[in-house]
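A quick write-up on the structure given underneath.
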């Protein structure tokens with residue numbers, strides 16, 4: 001039965017629509033149901049918060065409403081050692097909440113600010129104990145004080161500040177030059193002291209042969225080339241010419257014949273020999289023997 005009753009109900013539009021600069025509120029009337037209906041059928045209030053481009057268009061950040069957890073934003077000056085994790089642990093909030101409130105994309109965006117917004121509970125212990133947390137200044141409560149100096153005083157102050165900056169700059173340059181000169185003098189003195197204590201090394205001996213030419217002069221090289229290229233070949237040709245012209249075609253050879261004639265004989269490779277005829281002489285013994293034989 002309960003399910004059938006819910007199906008028979010028709011959609012009921014909002015009776016009242018309230019518009020605000022940052023949100024829209026829709027008011028619904030109670031239906032003619034039983035007293036035991038759920039809280040969904042009761043009147044409720046819907047608050048839509050701007051997101052994305054609408055938040056940037058509004059220009060002014062509105063703190064959360066009291067019904068959304070009673071959270072307020074307090075401002076804290078950043079120190080050099082602060083980080084998102086440290087702030088979250090110190091004030092009992094989430095890192096995501098701090099990044100969301102301050103529009104951080106990365107954790108490094110924290111170091112670009114001088115102060116950060118911390119979401120804390122309204123009327124909580126943190127608001128009473130932590131004195132470094134300060135409430136945010138609204139644009140209406142901020143007061144700007146502008147002090148205008150006369151033109152002469154302003155010009156004098158500007159020139160005095162510029163002169164002081166220039167003097168400090170030039171003094172720094174002079175100090176750097178003095179330090180460089182002193183360090184150079186110290187290095188020069190230490191080098192001179194080191195070289196004075198070291199013994200002088202003997203000069204290396206010069207080698208007589210230098211390079212591929214063995215240390216000879218250019219005219220010596222020219223003379224050697226002429227001797228090898230011209231004189232030796234000419235001497236070689238002349239020597240073989242003389243040897244070829246000195247040999248005779250035939251050699252004479254002479255032998256002695258016993259009957260007193262002379263004969264010439266040629267033997268290849270030997271000098272010619274001459275043979276002279278010698279008359280035969282018989283001794284007295286041979287004649288005596290011949291006469292005795294005839295008398296007998």
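Cβ coordinates are placed from backbone N, Cα and C, and glycine is handled just like the others.
Per Swiss-Prot, compositional bias 'Basic residues' is recorded for 46-59.
According to Swiss-Prot, the feature domain 'LysM' maps to 74-118.
Under the heading N-linked glycosylation site, Swiss-Prot lists 30.
Here Swiss-Prot flags 1-217 as topological domain 'Extracellular', drawing on sequence analysis. Taking the topological domain 'Extracellular' (1-217) as a whole, pLDDT averages 67 in the prediction.
Annotation comment: Swiss-Prot describes 239-296 as topological domain 'Cytoplasmic'.
Sequence annotations record features per position, and here Swiss-Prot assigns transmembrane segment to 218-238 based on sequence analysis.
Sorting each residue of the domain 'LysM' (74-118) by its DSSP state yields 22 helix, 8 strand, 15 coil.
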